[in-house]
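Enquirer: Input: one structure, supplied below.
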Amino acid sequence: MKLCSLQQLVLAVLFIVSNFYLPLAVASPIGWDFAVTLRDKLLFLDNKFKTVSSAAHEFEGISALAFDEAEEVIYFNDQQHQNGSIFSLRRDAAVASHIVEQAVQRIGNGSVSGLAFDPLNRNLFWADMRQSRIYFASVDTLHTEPPKVLVDLSAEGGRPDGVAVDICRRQLYWTNSKINHASVERIGLNGTGRQVIIKENIDMPRGIVIDQQSDRIYWLDDKVGIFFAIESARLDGSDRQLVLEDKHQSPIQLAITDETIYWTDKADKAVWSYPKPANKKLATNATEPVVEPIKLASWKEDVYGIVARTGFYQHLQKDAHCASVVKKVKQRLDNRLNNRTQSRTAVDDRIEELEREHCLNGATYMTKGNFCICQVGFKGARCEISECHNYCVHGTCEISSMGYPKCYCQTDFYGERCEYYKCNNHCLNGGHCTVDRDSGEMSCDCRDNFTGTRCEHNETAHCGSYCQHLKEHPDAFVPAPCMDICEELRLTNATIVREYQSSAFCSDMPSYRQGSLIIVLVVGVVSSLALVAVIVHGFRLIHKPKRPRIKKTFVVRKQARLNSTSDTPLTNRPLATEQCEITIENCCNMNICETPCFDPKLVEQQFSGRDKKSPCVKEDKKILIHNMEDDLLN
């Protein structure tokens, strides 16, 4: 009887061990690094974007995607499903299959555009673009409590698109793609403190993600026309930066890892990547190569959502803002593990031993999710890989306080991973580059006849024009460094390429000659302009039409009548025998001593007391004209 029970125990242990290791080795959920949504399925991809597995083939309108990394659960939506709008997908490692359950029932004619998950309170957030609202609900009480409205944008006509949760600072970020009033906003997870953080120079923002490593947000902006942009800012909207601007794409959602930004493109039905900007760049004189976006994978169907493993358990354990959140999440998972039945058998002890052996380097095994929570500085399905493994190319790697690898480069190298050689393409024309071990400064050892900090000057071509000029004019000025070269060229009877002659000769002309040449040029230009101005003015004077001369004729009588005191030009017209005509210009050019044109009574009285032999003065003409005008008007 005892023998039989012993055999049964051995068989049970072997059966459990085989069923335990097989899922871990073959169907571990850590086997994928990215997940994307096509219209009718989910694809799980490795870090090289090769398809590992697929799921959810029974759906027809999948778009948005969210990932609960603590429980290894994928949340996705289906626009075409009749009853539910959001579903959960969990991988069952024991049977190597996926279990799909309805998470949120459809609310009217809602249309889910973005999904986000909070691992601390286990709340699911989603943006409904059609109803202009942002909802949230607890995944633990979805069957008993309906979803609640966190933000209502219907009154202002908003169009919430992408959503992202800052799990450390307890904030929800979303993009508002309303035309002409687009923005990026945030609000507390408790529904208070709504704030618009980006509203200038933004067209149609789509996906948004939080980078806890750099405390920044990244979002996609589908610009007007053919362009799109990836932009970044601090969590409060300050320090806005343009990460990438490109064209001919239709970006939808994005994800971010330690080093790279990923986004889905509906136009090319592909996933693209671009390096994430470093927080601090080492200042060097070398020019970094221009980086272009890389197309990682493409399909025949439209691609929408994308999520990536961030490993926030490992990386955020020592973060000032995130440490408490990570601790609470781990504590909740540990409590769930400890709530298992207290009745232990030899099989349970053996399983626990296998669990401890499966996760390496002090990692914690999570039974429900069938994965390992690694210690700081390790990664992999079993935490078997050091973060510093092959990370620094030419330097020493250390794990920072945040849990990320950091490189200390050798003197000759720089870059985030010490991948760039300082002397690369620094010295020209075959010069040899060396780096000072103490200061890190670069210097060039140039070949013969080459000078400059980077050996950029060719002395042979530089002095060729002087040598040519010296050949024609033996007394011409030649710089001292060129004398030996000219002598060498004379002995070898060599000629210099003509294209170098003019530029070299002019660039190295003595300073006093250069100054004289500049003065002569300036004086010549000014003189030419003055001559042109004089010629133009002369032509204008010659061809300008003359001003017309105004002529006016007055009819006056030669002698005044006896009763001339009451005569006026209108009541007493002169007779034909008494009148005469004179032009006003001629009248104005005469005075009273000459032939008077008009001799009214007033003028005679003014001149009656004057000596008749006295010479005429200029005032006579003024009085004559004045009285003539008055009498004519009267």
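Cβ atoms are placed via backbone N, Cα and C, with glycine included.
Here Swiss-Prot flags CYS359-CYS372, CYS374-CYS383, CYS423-CYS433, CYS427-CYS444, CYS446-CYS455 as disulfide bond. Look at Swiss-Prot and you will find 350-384 tagged as domain 'EGF-like 1'. Residues or ranges marked as domain 'EGF-like 2' by Swiss-Prot: 419-456. Residues annotated as N-linked glycosylation site in Swiss-Prot, with sequence analysis given as evidence: ASN83, ASN109, ASN190, ASN285, ASN339, ASN449, ASN458, ASN493. Sequence annotations record features per position, and here Swiss-Prot assigns repeat 'LDL-receptor class B 2' to 170-214 based on sequence analysis. Residues annotated as repeat 'LDL-receptor class B 3' in Swiss-Prot, with sequence analysis given as evidence: 215-260. For 28-515, the entry in Swiss-Prot reads topological domain 'Extracellular'. Summarising the annotation, Swiss-Prot assigns topological domain 'Cytoplasmic' to 537-634. For 516-536, the entry in Swiss-Prot reads transmembrane segment, with the evidence type sequence analysis.
Explain the structural surroundings of these features, please.
Expert: Under DSSP, CYS372 (disulfide bond) is assigned to a strand (E or B) in the three-state scheme.
For CYS374 (disulfide bond), the same-chain residues that are 6 or more apart in sequence and have a Cβ closer than 8 Å to its Cβ are GLY311, TYR313, GLN314, CYS359, ASN361, ALA363, GLY380, CYS383.
Around CYS423 (disulfide bond), a 10 Å sphere centred on its CB holds 17 further CB atoms from the protein chains shown.
Of all Cβ atoms in the protein chains displayed, 21 besides its own lie within 10 Å of the Cβ of CYS444 (disulfide bond).
Taking a C-beta cut-off of under 8 angstroms and a sequence separation of 6 or more, CYS446 (disulfide bond) has the following same-chain neighbours: CYS427, ASN429, GLY431, GLY452, CYS455.
When Cβ atoms from all protein chains are considered, those within 10 Å of ASN83 (N-linked glycosylation site) total 8, not counting its own.
In the three-state DSSP scheme, ASN109 (N-linked glycosylation site) falls into the coil class. Here the Cβ of ASN109 (N-linked glycosylation site) has 8 other Cβ atoms within 10 Å, regardless of which shown protein chain they belong to.
Just so you know, the Cβ of ASN190 (N-linked glycosylation site) picks up 9 other Cβ atoms within 10 Å once every protein chain is counted. In this structure, ASN190 (N-linked glycosylation site) belongs to neither helix nor strand by DSSP; it is coil.
Reduced to three states, the DSSP call for ASN458 (N-linked glycosylation site) is strand.
Cβ atoms under 8 Å from those of the repeat 'LDL-receptor class B 2' (170-214) belong to residues 114, 116, 118, 121, 123, 125, 127, 129, 134, 150-151, 153, 157-164, 220-224, 233, 235-237, 240, 251-256, 258, 263, 276, 279, 310, 312, 315-316, 319, 322, 402, 404 of the same chain, restricted to positions at least 6 beyond its ends.
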Enquirer: Give me the CA-CA distance between CYS444 (disulfide bond) and ASN190 (N-linked glycosylation site), in Å, as a whole number.
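Expert: The Cα atom of CYS444 (disulfide bond) is 62 Å away from the Cα atom of ASN190 (N-linked glycosylation site).
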Enquirer: I'm trying to understand the geometry here, so how far is the Cα atom of ASN190 (N-linked glycosylation site) from the Cα atom of ASN449 (N-linked glycosylation site), in Å to the nearest whole number?
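Expert: Cα of ASN190 (N-linked glycosylation site) to Cα of ASN449 (N-linked glycosylation site) measures 73 Å after rounding.
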Enquirer: Where ASN83 (N-linked glycosylation site) and CYS372 (disulfide bond) are concerned, what is their Cα separation in Å, rounded?
Expert: 36
Enquirer: What's the CA to CA span in angstrom from ASN109 (N-linked glycosylation site) over to ASN458 (N-linked glycosylation site)?
Expert: 74
Enquirer: Near ASN449 (N-linked glycosylation site) in space, meaning Cα within 10 angstroms, which of the recorded positions do we find among CYS372, CYS423, CYS433, ASN458?
Expert: ASN458
Enquirer: I'm trying to understand the geometry here, so how far is the Cα atom of ASN458 (N-linked glycosylation site) from the Cα atom of CYS433 (disulfide bond), in Å to the nearest whole number?
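Expert: Computed Cα spacing between ASN458 (N-linked glycosylation site) and CYS433 (disulfide bond) is 17 Å.
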Enquirer: Summarise the model confidence on the topological domain 'Cytoplasmic' (537-634) as a single mean pLDDT, whole number.
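Expert: 56, rounded to a whole number.
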Enquirer: Between the disulfide-bonded residues CYS359, CYS372, CYS427, CYS433, whose Cβ has more other Cβ atoms within 10 Å than any of the rest?
Expert: CYS372
Enquirer: Go through CYS383, CYS455, our disulfide-bonded residues, and report the one whose Cβ sees the most other Cβ atoms within 10 Å.
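Expert: Its Cβ has the most other Cβ atoms within 10 Å: CYS383.
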